[in-house]
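**Q** Input: one structure, supplied below.
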């Protein structure tokens, strides 16, 4: 009693305005211990040890040392905690129920208590007289919790596994020998996310009728904040609800609506519940023991519904773990599933708790003596009850060390690692990592048959810019392909030039060429890779012509006269293709050839002389076909591109001026022989041909070949004259 008076002094204990004390009571927590005389085993009807489920200290004046304990067999025992002799400690016991008693509560200020059991009833007991004062009947399942208001002696509340909360009043008359509920909250903690809408409830009488059963939404704990306010928690919805008892919840058919709700503040995705609720002495702070191993502290007076503090370090895996506050509201104690009890300082929730060790099974119900800070009671599934006392530091006897069955320990602070980026090898990545390029893994690179020029295939994002090692054969083939592709002139330019060239060289009487255009002809030549790319468009045209065709210049003015051209005056071009040549045989010079052949029979001597003269002239070498050549050098010197160092005359296919001196002499002689002739001596065909002569000299390329008709000259009247006449001329 001296210690209690010291704690109540303002300078040492709780201050008048509230929380902290000048005296460091935190250091006293390590002095709690349990002697073997304070350890009590809970027995059943047959003397078999059974686990105790609930314990609570009396609130009657000068009777605060009385401890009531209920066990699984329905027995209630009263312990005098002032006596440390085991024989005198338990002074009274009786069998309150034929089933397990899950909770019990003292009537405020009196030696009376109410027990809530698994037989679906609550019983009202007079402890001093040892009499049953009444039975409360109305639940359809086990009762899990019972609570009294702070200043009410006749009204109490119970919550059961049927999901209902019932309010009882012992002042009401009994019917059939049982007390009936005066108020009821049905389905207090039903989940709101139902797949189908609930059926409308029928209006029920608030007294004596059986309520609906909802065992899946069990009410685990009820607690009074004041005379008109009730706080409750469920097993699976994770919501703490505050109810106003002045409202009649049975008068409506819809679901009951709480005046205030505290949603589950944790991070678990599983539906969790609360096993215990504790209010401080002022009723403004609520401590909720959740099955996610946390105790949440809520402010009941404000509008904020999130917790103001969280206590952790213990384990809570069942709904039998309870909590309690010290008489000065400075410390919070809770049972735990790891065979220990934990004590936290309320003002320092981050501080490691003090651990009470000594039990061998889960610690369920705990209670701090409301009038004595130095006394704590704990129940465990090891079938024992331990009363913890503060070591006063008196002289210890030699046998006291061996009689200690409970001791304290300071829990070490767990250092939580800061959030650090975990390497990808230790964590599952969000996406598959990109494979690193290596000589052995070359799947992103192109195959050997794929064109290797830039722009054919885009590089994948995971493919490095450097080339992957390949075999020498593959390297050589790729180099040759690159060389051949780079040496070819641009396709659009060559196709355009060839189409323009075909259009220019075509005449109204000529037919389109049989061979496909150069843009569609895809015949590769070995010489392609060896010919350098021309810088001018004319050079590209010449190279394109040399690859695709070997052309001949059909010149009509070979031996007759420099001014004489083709009979049709078209400067046509034929190919070295048999089919094309046969098709073009009658295009332009058919009439002229027939005339020459007809005249050839009249003058065989002169024509033979002319033919001999024509054949004696050295003809320029014909261009070498790129298909027949196997060399790797450039084209022969006589084959020069068109337009290089010369001027284009007449047609687009004209060649630069490169006259042969023998042909020049022959042409000069022909001019001298034909100059004295009179206009009357000329035939109409000759006059027609002379009128169609070109104004300038016609250039002959060394690489072009003469037409067959140019080897024969048309005979005139002068050719049939006598030799004397020709000598005179």
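Using the three backbone atoms N, Cα and C, a Cβ is placed for every residue, glycine included.
This is the feature table in Swiss-Prot:
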type: MOTIF; residues: 168-171; note: motif 'DDB1-binding motif'
type: COMPBIAS; residues: 189-198; note: compositional bias 'Polar residues'
type: REGION; residues: 189-212; note: region 'Disordered'
type: MOD_RES; residues: 196; note: phosphothreonine
type: REPEAT; residues: 214-253; note: repeat 'WD 4'
type: MOTIF; residues: 243-246; note: motif 'DDB1-binding motif'
type: REPEAT; residues: 269-308; note: repeat 'WD 5'
type: REPEAT; residues: 313-354; note: repeat 'WD 6'
type: REGION; residues: 416-445; note: region 'Disordered'
type: COMPBIAS; residues: 427-445; note: compositional bias 'Low complexity'
type: COMPBIAS; residues: 460-475; note: compositional bias 'Polar residues'
type: REGION; residues: 460-491; note: region 'Disordered'
type: MOD_RES; residues: 463; note: phosphothreonine
type: COMPBIAS; residues: 476-491; note: compositional bias 'Low complexity'
type: REGION; residues: 504-546; note: region 'Disordered'
type: MOD_RES; residues: 515; note: phosphothreonine
type: COMPBIAS; residues: 596-607; note: compositional bias 'Polar residues'
type: REGION; residues: 596-705; note: region 'Disordered'
type: COMPBIAS; residues: 630-645; note: compositional bias 'Low complexity'
type: COMPBIAS; residues: 674-688; note: compositional bias 'Low complexity'
type: MOD_RES; residues: 683; note: phosphothreonine
type: MOD_RES; residues: 701; note: phosphothreonine
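Give me the local environment of each listed feature.
**A** The DSSP breakdown of the motif 'DDB1-binding motif' (168-171) into helical (H, G, I), extended (E, B) and coil residues amounts to 0 helix, 2 strand, 2 coil.
For the repeat 'WD 4' (214-253), the model gives a mean pLDDT of 87.
For the repeat 'WD 6' (313-354), same-chain residues at least 6 beyond its ends with a Cβ under 8 Å from one of its own Cβ atoms are 7, 13-14, 19-21, 25-26, 29-30, 32, 53-54, 144, 220, 235, 273, 275-276, 278, 280-282, 285, 287, 289-293, 295, 297, 360-373, 376, 378-380, 408-414.
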**Q** With Cβ-Cβ distances below 8 Å as the criterion, list the same-chain residues six or more beyond the ends of the repeat 'WD 5' (269-308) that contact it, or say none.
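**A** Long-range Cβ neighbours of the repeat 'WD 5' (269-308): 150, 191, 218, 220-223, 225-226, 231-238, 240, 242, 260-263, 314-325, 329, 332, 334, 344, 346, 349.
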**Q** Same chain, outside the motif 'DDB1-binding motif' (168-171) by at least 6, Cβ under 8 Å from its Cβ: which residues?
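**A** Counting only partners 6 or more residues beyond its ends, the motif 'DDB1-binding motif' (168-171) has Cβ contacts under 8 Å with 122, 124, 133-134, 136, 154-158, 179, 181-182.
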**Q** In the motif 'DDB1-binding motif' (243-246), how many residues does DSSP call helix, how many strand, and how many coil?
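**A** Computed counts for the motif 'DDB1-binding motif' (243-246) are 0 helix, 2 strand, 2 coil.
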**Q** List the helix, strand and coil residue totals of the repeat 'WD 5' (269-308) as derived from DSSP.
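**A** Per-class counts: 0 helix, 18 strand, 22 coil.
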